[in-house]
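Taken straight from TrEMBL:
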DOMAIN    A:280-446  domain 'Helicase ATP-binding'
BINDING   A:C508, A:C511, A:C548, A:C551  Zn(2+) 1 binding site
BINDING   A:C517, A:C520, A:C535, A:C538  Zn(2+) 2 binding site
DOMAIN    A:543-719  domain 'Helicase C-terminal'
Amino acid sequence: MNIASVIVDVPAKQTDREFDYSIPDKWINVVKPGMRVIVPFGPRMVQGFVTGLKNETELKKLREIKEILDLEPVLNEELLRLGNWLTDETMCFRITALQAMLPAALKAKYEKVLRIHEGRKELVDERVRAAFRDRKFISWKDVLQEDNAALFQKQVQKGNLEVIYYVKDKLNKKTVRFVEPLLTSEELAQYAGTLAASAKKQYEVLQFFIENPGKIQLRTLLEAVKASNGTIKALAKKNILAERDEEIYRDPYENRVFDKTSPFKLTEEQSAALRPIQKSIKENSHDVFLLYGVTGSGKTEIYLQAIDAVIKKGEEAIMLVPEISLTPQTVKRFKERFGEQVAVMHSGLSIGEKYDEWRKIHRKEVKVVVGARSAIFAPFENLGVIIIDEEHESSYKQEETPRYHARDVAIQRANQHNCPVILGSATPALESFARAKKEIYQLLTLSKRMNNSQLPQVEIVDMREELRAGNRSMFSENLFAKLKDRLQKGEQTVLLLNKRGHSSFVMCRSCGLVINCPNCDISLTYHRFNDSLKCHYCGHEEDIPKTCPECGSDHIRFFGTGTQKVEEELVKILPEARVIRMDVDTTSRKGSHERLLNRFQEGHADILLGTQMIAKGLDFPNITLVGVLSADTMLHLPDFRSSEKTFQLLTQVSGRAGRHKLAGEVVIQTYTPEHYSIELSGMQDFDAFYEREMHIRRQSLYPPYYYVALINISHEDLMKTAATTEKIAKYVSAGLSPEAMVLGPVASPISRIKNRYRYQCLIKYKREPQLKQLLRTLLEHYQQETAQNHLQISIDLNPQIMM
DNA sequence: AGCACGCCGACT
DNA sequence: GTCGGCGTGCTC
């Protein structure tokens, strides 16, 4: 086996295949599938993944693997297979799939630098030589910044300058400096006696080691003896002490003590739900369970006990949680139960921290991973269970390539490992519930809350009537009265507003002009924080115009309501209330999410005001009121799931109230109280909602009755975009069976982003075995135009959002 | 994706 | 004649 098949890190259609490399003799039996290597590719060096080994190839001449990056494969056999499955399933490049399964730290960085060719210094153009005066290497990137790039290029052509291609790891292993004595305590004491009288600090350090033998972290030592680095250095120089850097894990949860908890006693309902899961774990059978339990019904305890059973069996568990509810509170529950056996993975960690958590899994130092979507790729080898909490959450679908859904990956992996999958939710995705009803999934139901607490009382307030009654504020009489009441009682309130920023848009009252983003077809949002207008899509930022750019009038006004504005309003009407605002703006800094929640939990605030991110996972006993300021914001989005999303959000947020001893109340403000998703979420009646929504889906031919695939096309030129989409729609339509429907072309809901026009067409189908092949041919056909970046085509099978 | 190679128009 | 623009094709 002296030839390796390698997938190179060049995400392009033409390079999306294996390339063969010969393995240098010294590395035969060292190189294994799943390892990262550096290989020459054309004139440069690139990173690649070894996918297989073989003895023969059709090629006459092979180039050699230049370097091996891993001691152990980073992808095991199962994950390599999963990579192929992902590639096929999401129609991405193989390299993209492989990289998606690994932490970002393992992705290569490339650098191209120039150096004067040895012995040719005199031949180099003097202007170029001048640039090299104070350095040996010049980065090609820097050369391009300057206006004499051509000069350098010529020198390269002449062979006077050498081009070196670097492949660097993003990988940084964190090290900490340790100090340890090289002598025994007796020898140290003896030596201390010989020290000069002036070397007081050195004497103290030696005393320290006599009392505390063994290695110690340098920083701790310096603090303990109040010495400086120089003292240690001096002793090290005399070979009394040794300094050494040791690799450590960054522990995002260091300095935190988790009290060990034991399994709670389950209610009868919980036990009944856990039993079939345990059976499946015991028998290694690949079952998919849908754990359908109302908010507060104790799903987490079932997860914990299922994981416990898996650990006892010597196997491993993956626990997926939506990104926004991966709160310290959630993590705590798992750390408390399983202690050091838990790794945590979420976007709040730095690249290095994520890498360290990943390594704990890779080195089999942990048994459980709790994480967001990408944790589904945790490199465990004996999976015993995969759990997806809040399985309906759209964040389980990755919105960039590879566009995978963690639920599908979970089922695929569990199939390979012969282990069960548990999908949990109080408001399952329609697709999942339908599958449970068809007995593809096993339905487990929890209909009662724990602690015997009742589901909260929900009141729906018609804001149109409030307006008619002369109340123009954003709080209805009812909600305001209840807010005041809680304030008096010292109980807490959660207020949900599904919009960030201050106002949703800025308009001129004289001519009606709405200030739009110059690059995107979307209105700019006012941000009070720096008093500016911001585009949420391309990041464009500008000052608020003093006068209307269209008509010159100064009647510029803010419309719509954002969390910032509500906060200001609260200060006005309830000045005594202490408010914590949580949205993307206040939680962008690392750990701020946690800090705000802690403050709320500890009772330093009366009202928690926030966007969607507060709807999940909060479990605070003192919350007795939940207010939804405007339930309809999501309802009118151009998306066939908008009713489902609205129902889920309202039901979830309602579930935050009255989870413990105190009873909870919910006030939902809306302009469309008659809408079934609002009405039924008020009754917390998922089953009725399911029936109602399924009926609509059947009539309108949407999932779960039909599959959908979305093709997005973008181009700088509007006509070209429309024309190409038209052609694509025709082509797809012709290639599919008559039962399939192709809708469009239509302009995307946001018809322009970053100066590119966007069109889409939607395919609805039941069974089209040739669909993927057809789409692949389509991509191939436009390959040239997409390679030149004029045209972008993205295909999303089972899209979660229609933008 | 890069990068080389090659073909064409514009300039010393 | 040569420089540099971009279209074309290749990378084990």
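Backbone N, Cα and C define each Cβ position, glycine as well.
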Nonlocal residues around A:C520 (Zn(2+) 2 binding site), in sequence order (Cβ under 8 Å, 6 or more apart): A:C535, A:Y537, A:C538, A:H540, A:I750, A:R752, A:I753, A:K754, A:N755
Proximal but sequence-remote residues of the same chain as A:C511 (Zn(2+) 1 binding site) (Cβ under 8 Å, at least 6 apart): A:C548, A:E550, A:C551, A:S553
Zn(2+) 2 site shell beyond A:C517, A:C520, A:C535, A:C538, criterion: Cβ within 8 Å of Cβ centroid: A:P518, A:N519, A:I522, A:L524, A:H536, A:Y537, A:G539, A:H540, A:I753, A:K754
Fewest other Cβ within 10 angstroms of its own Cβ, chosen from the binding-site residues A:C517, A:C548: A:C548
Integer Å distance between the CA atoms belonging to A:C508 (Zn(2+) 1 binding site) and A:C517 (Zn(2+) 2 binding site): 15
In the chain carrying A:C508 (Zn(2+) 1 binding site), residues 6 or more apart in sequence that have Cβ under 8 angstroms from it: A:V514, A:C548, A:E550, A:C551, A:S553, A:H555, A:I556, A:R557
Site with most surrounding Cβ atoms, counting all protein chains shown within 10 Å, from the binding-site residues A:C535, A:C538, A:C551: A:C535
Within the predicted model, mean pLDDT of the domain 'Helicase ATP-binding' (A:280-446): 93
DSSP three-state assignment for A:C535 (Zn(2+) 2 binding site): coil
Output field, Zn(2+) 1 shell: CB within 8 Å of site CB centroid, site A:C508, A:C511, A:C548, A:C551 dropped: A:R509, A:S510, A:G512, A:L513, A:P549, A:E550, A:G552, A:S553, A:H555
DSSP-derived structure type at A:C548 (Zn(2+) 1 binding site), helix or strand or else coil: coil
